[in-house]
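Enquirer: The divalent metal cation 1 binding site annotation in Swiss-Prot covers 158, 160, 190, 314 and rests on similarity to another entry. Residues annotated as divalent metal cation 2 binding site in Swiss-Prot: 190, 221, 312.
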């Protein structure tokens, strides 16, 4: 039911946006004067593609190729909507400036129209490319008083391996991570976003991450959506990652723990169990907690940990959704102080969810340079 309501709202928003763009932008552009019927057809196809993607995106019968193509059809509407707002704003300014020479107005209008078309094409390309490209590397220094030696950690979240991001994306991600020569790699949830059996042929490539202490993994909410036990079986069988589900590992100089995701509370499987983790936690040593959703820090007392690592938010992924994410999660992206001792880093993620769109929320591979207090 929630999925149906969500789908209806999204389609209503994009349907109205398409109508607004066509009536307020396309039909007003002089350069498109003889192509209105063609654009009418284009916008009908655009909306139908958006509807098909939204309705069937969870369907196994939608091939990877069609999924990738349909996921791009949201970018034109999104970008053109803001271009239309800009168009209406400029027209308002010109109206307030009063009457001018007709020739001057026509030249000015044509220049603006041409600029708008070029900018729209660029924005559509950039928003799709920002989602699909290999993430950039971001370096963050974090001071941890109890840490006995410096540590370089690569943090990955929200890779979302599935119908849109698959083997080729993972290969590039691994190559870029290995160039950083990390001491350890942590994957903080939403690694898998499809039926686990679809990843069987290449999921073992996760073993190609090279680091001193290995790769550590905690659950995300999307793993629950695709059969949490099947996901865990796949990862345990085909990878050598250290899977932390309400578990703490003592590495000698540091403790690293992984908490079950909040999605487990609704499903009654692998729900967060902080008490279980704290049984083995040595609070006199440096410690890291992997927990996918940052709002965990608002629901649980995490003050025993030095560093909490989260993802889930995608940095908002699409402007202006970062403001809604802030309301829902309490945190969006970056380094936060949770108290005297505890710090939280929320990553914008390596992949994306839903439409192939990232606007003002770039993906990232995070290098955490942990330094003991000198």
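Using N, Cα and C of the backbone, Cβ positions are placed for all residues, glycine too.
I'd like these features described in context: how deep, what's nearby, how far apart.
Expert: In the three-state DSSP scheme, residue 314 (divalent metal cation 1 binding site) falls into the helix class. Non-local contacts of residue 314 (divalent metal cation 1 binding site) by the CB criterion (under 8 A, 6+ apart in sequence, same chain) comprise 158, 325, 348, 349, 352, 353, 358, 361.
Residue 190 (divalent metal cation 1 binding site) is surrounded by 28 other CB atoms, counting those within 10 A of its CB over all protein chains shown.
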Enquirer: What is the interatomic distance between the Cα atoms of residue 190 (divalent metal cation 1 binding site) and residue 221 (divalent metal cation 2 binding site), given in whole Å?
Expert: 6
Enquirer: For divalent metal cation 1, what surrounds 158, 160, 190, 314 with a Cβ no more than 8 Å from their Cβ centroid?
Expert: 157, 159, 189, 193, 220, 222, 311, 312, 349, 350, 351, 352, 353
Enquirer: Among all protein chains shown, how many Cβ atoms are found within 10 Å of the Cβ of residue 221 (divalent metal cation 2 binding site), not counting that one?
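Expert: Excluding its own Cβ, the number within 10 Å is 17.
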Enquirer: How many Å lie between the Cα of residue 221 (divalent metal cation 2 binding site) and the Cα of residue 160 (divalent metal cation 1 binding site)?
Expert: 11
Enquirer: Fewest other CB within 10 angstroms, which one of the binding-site residues 158, 160?
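Expert: Lowest Cβ count within 10 Å among the binding-site residues (158, 160) is 160.
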